[in-house]
Amino acid sequence: MRPVSKIERTVAPFEVVSPYQPSGDQPAAIAELDRRIRAGEKDVVLLGATGTGKSATTAWMIEKLQRPTLVMAPNKTLAAQLANEFRELLPNNAVEYFVSYYDYYQPEAYVPQSDTYIEKDSSINEEVERLRHSATNSLLTRRDVVVVASVSCIYGLGTPQEYVDRMVPLRVGDEVDRDDLLRRFVDIQYTRNDLAFTRGTFRVRGDTIEIFPVYEELAVRIEMFGDEIEALSTLHPLTGEIISDDQHLYVFPASHYVAGPERLERAANDIEKELGERLTELEKQGKLLEAQRLRMRTTYDLEMLRQIGSCSGVENYSMHFDGREPGSPPNTLLDYFPDDFLLVIDESHVTVPQIGAMYEGDASRKRTLVDHGFRLPSALDNRPLKWEEFQERIGQAVYLSATPGKYELSRGDGFVEQIIRPTGLIDPEVVVKPTEGQIDDLVHEIRKRTEKDERVLVTTLTKKMAEDLTDYFLELGIQVRYLHSDVDTLRRVELLRELRAGEYDVLVGINLLREGLDLPEVSLVAILDADKEGFLRSGTSLIQTIGRAARNVSGQVHMYADKITPAMEKAIDETNRRREKQVAYNKEKGIDPQPLRKKINDIVAQIAREDIDTEQLLGSGYRQAKDGKGAKAPVPSLGGKAAAKGAKSAKGKAKETVPTDRPAAKLAEEIEELTNRMRAAAADLQFEIAARLRDEVSEMKKELRQMKEAGLA
């Protein structure tokens, strides 16, 4: 039993809120999943075609089972998309987002061939870190929790029991020494700052203490009368407005890696002991340089730990802080869940192999560091879970995929199928065309689509070909972008949003246009060199790529090939099987396929529960959407000029429209006002807000230039 299973959590029912009811294959799939899980089956596979509503089916399944759930996705982009969907479907429950908090991460490494040591370098996204803390906080305080996570959830996270033991419970009427309370806040890594009140800090004003938990958008006020807690309240950190009066609150540590003084000293002693043993071993092997290197580095780290409680690369000593035996698995997010949690693995054909590969990739780099005296052997225990350890920590699992892998299919007793789309949308028609003249044919097809305000995805085999093709399209005046591995995660999400919004028409990529991308505006997927067998043109890859056109009524897939390979045949046959089943269902029910209408949301903005003062900072440029707790969460919208522009032309091409709904002088004033707001937001460290304001200012400046060129200014 997990230690945290004994913790009392608030119990509230999972409840799906949706204007739609299960339809198509969904009712049967939900009932069968519910039956199998309740019957105790450990592994269940849901083979769900693209666009059949697997996310909604999962939400209804969670509603039936009423169990805390971990949903794993293969990357941050899909995790964000899933979290948005679950937030909409389960607005009254805690839907959390747990991914790596690094915007940039260069791991510590050593290259023996060139004697090059690369120091660890990273940049942490504070908002994502808050969301990680919010996830663990929800898991330890309530049962109605769905956490959407990337593979980051199998990496070490600190001991949940220590995290719980060091939390500070606050209750009205409790007797507590004020100075002792302040010391406890410092012990759990909160910083006193009476001037700048930000997350992870507290301030003291007479008998009033205010603390801003790292996992919240709101702060907590503690009013003392002598040594008694007289009142507790939740307040807005900027305005000071009281949001609620409370009787009982918890303050969790500001770090998942919190350690008390006694634990710190024990860890330091263990590190010293290991250092002595390792130095003896290296000296016996004649590795004097490595021994000296290790002695200098570790002694410096020990001094830092004893003086300030932390050091650079402290995670490499996690085995000693956790009190684990060498080789034992680390604590991870999985250990924060109660025993009966349910695991859902989305796009399992990608995610399952990814989980299995994490350990070896991490270990090979660290072995080199240990062998050359840069780290103690215990650094190898700061690692992700091995596949066997992961399996030991999960109970029942549901695997979701349009193309389940061999592992998933071998585990379950057959699969639950969900092929029919409630919207009546039919799988795209697959057309095989010769490679001769393929680019000219593709240009012709692109022009046909852009005339109808539809989008196109083009997938190539090599980065060079994708770059050359993008350049060629640009020369022809086609609005095109190139999605590649060098584009960071958040920019990748933004590129997909821009494609849907019509800011360009064609997206060219290699292996980034597959699993889970939800793009209803795409009516054509072009697969170049479809007959070149390999990983990118396997049957599974082709079925996934074909699925990108399955959300559009007039969806088509053009495969450019000179022969039909077994992989192509498999993909085409499976697509035709699904088409026939959907056509028969539509005919039986009298359904006319309807286009999928889906809001074009800013995924990155929606995933975070933004500050309540966003509305004041941004004014009317943003509409408001309620989150599950009734607090307002801003959703970016095109206001004023952008709305007019977007309504007239979804393309967003500057030359097509020059809005004239306000004079240039008024527009210039608005630009100046928004610029001032942008600078103020940046000064207050509200960087997400500042970035959105910057984009809006950029659009308005572009409009002003158009007005001047048209002689309207």
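Just so you know, glycine gets a Cβ as well, placed from its N, Cα and C.
Model, not experiment: these values are computed from the prediction.
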**Item:** Segment assigned the feature motif 'Beta-hairpin' in Swiss-Prot (from 53-76, 101-124, 221-244)
**Value:** 101-124
**Prompt:** Sorted by position, what residues of the same chain at least six away from Ser55 (ATP binding site) have a C-beta under 8 A from it?
**Reply:** Leu82, Glu85, Phe86, Leu89
**Message:** Using a Cβ cut-off under 8 Å, which residues of the same chain at least 6 positions beyond either end of the motif 'Beta-hairpin' (101-124) come close to it?
**Reply:** 132, 312-313, 365, 368-369, 372, 374-375, 488
**Cβ-centroid neighbours of ATP site Gly48, Ala49, Thr50, Gly51, Thr52, Gly53, Lys54, Ser55, 8 Å, sequence order** = Thr57, Ala402, Gln418, Arg421
**Asked** For the binding-site residues Thr50, Thr52, which one has the sparsest Cβ surroundings, going by other Cβ atoms within 10 Å?
**Response** Thr50
**Request:** Could you tell me how many residues in the motif 'Beta-hairpin' (101-124) are helical, how many are strand and how many are coil under DSSP?
**Result:** 0 helix, 15 strand, 9 coil
